[in-house]
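Here is the structure we will look at.
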Amino acid sequence: MESASPSATIRRRGVMLVLSSPSGAGKSTIARSLLENDHEFELSVSVTTRPRRPSEIEGVHYHFKTQRDFEMMRDGGDLLEWAEVHGNCYGTPRGPVERAIAGGRDMLFDIDWQGAAQLREKMPDDIVSVFILPPTMKELLARLTRRAEDTPEIIERRLRNAHHEIEQWRDYDYVVINDDLDRAFASVRAIVSAERLRHERRPGLEDFVAGLLAERPE
């Protein structure tokens with residue numbers, strides 16, 4: 001039986017990977033591919049006051065809360081970030097994220113720039129943020145239209161919002177232009193691989209290097 005390689009056994013903190021983009025730029029598609037192909041990642045499950053849809057499963061899609069319970073979590077400091085969208089509240093529970101990161105497990109956040117800013121403020125040393133850009137606004141419109149999920153009015157609103165969202169690109173650690181989905185996905189995976197190797201995230205390196213220096217090869 002082969003023993004694990006030294007690099008695989010060195011203790012590390014997890015990565016909090018934040019993916020943001022305007023609607024239609026490919027953020028959610030890349031997030032799904034990452035979860036399917038990289039089993040070190042877990043998707044952060046948000047809490048929400050929105051009513052559960054028939055197809056949704058508690059604890060898988062969301063943790064569904066009453067308004068009172070949500071406010072208690074918010075006021076008690078139990079949320080890393082939260083926002084109100086279309087009259088419903090959404091937030092990221094603090095406890096599961098902190099336990100995962102301390103245990104060396106990586107967490108994926110598919111959130112907008114406002115949520116990313118709140119996470120960056122709460123856990124700045126653990127965040128790796130990537131902003132996904134469309135190659136052109138014309139292509140963004142084409143993607144939104146091809147989805148056939150929204151009315152022309154909603155598509156127009158999404159395009160207007162996209163301008164403001166794209167203006168936040170400088171706040172992110174990395175920017176990936178999604179002109180080819182496979183290339184964009186490969187870029188995100190390369191970012192993740194490099195960030196996992198940062199020595200600041202690998203407290204176990206201290207003991208490994210000390211042991212390495214203490215060796216006396218025959």
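Just so it is clear, glycine is given a Cβ too, placed from its N, Cα and C backbone atoms.
Predicted, not measured: the structure shown is a model, and the values here were computed from it.
Sequence annotations record features per position, and here Swiss-Prot assigns ATP binding site to SER21, PRO22, SER23, GLY24, ALA25, GLY26, LYS27, SER28. A sphere of 10 angstroms centred on the C-beta of GLY24 (ATP binding site) encloses 23 other C-beta atoms.
The domain 'Guanylate kinase-like' annotation in Swiss-Prot covers 14-193. Across the domain 'Guanylate kinase-like' (14-193), mean pLDDT in this model comes to 92.
Counting other Cβ atoms within 10 Å of each Cβ, the lowest count among the binding-site residues PRO22, GLY26 belongs to GLY26. Cβ environment of SER28 (ATP binding site): ASP110 lie under 8 Å away, each six or more residues apart in the same chain. Residues within less than 8 Å, Cβ to Cβ, of SER21 (ATP binding site) and separated from it by at least 6 positions along the same chain comprise LYS27, PHE131, ILE132, LEU133, PRO134, GLU165, ASN178.
The Cβ neighbour count for LYS27 (ATP binding site), using a 10 Å radius and every protein chain shown, is 23.
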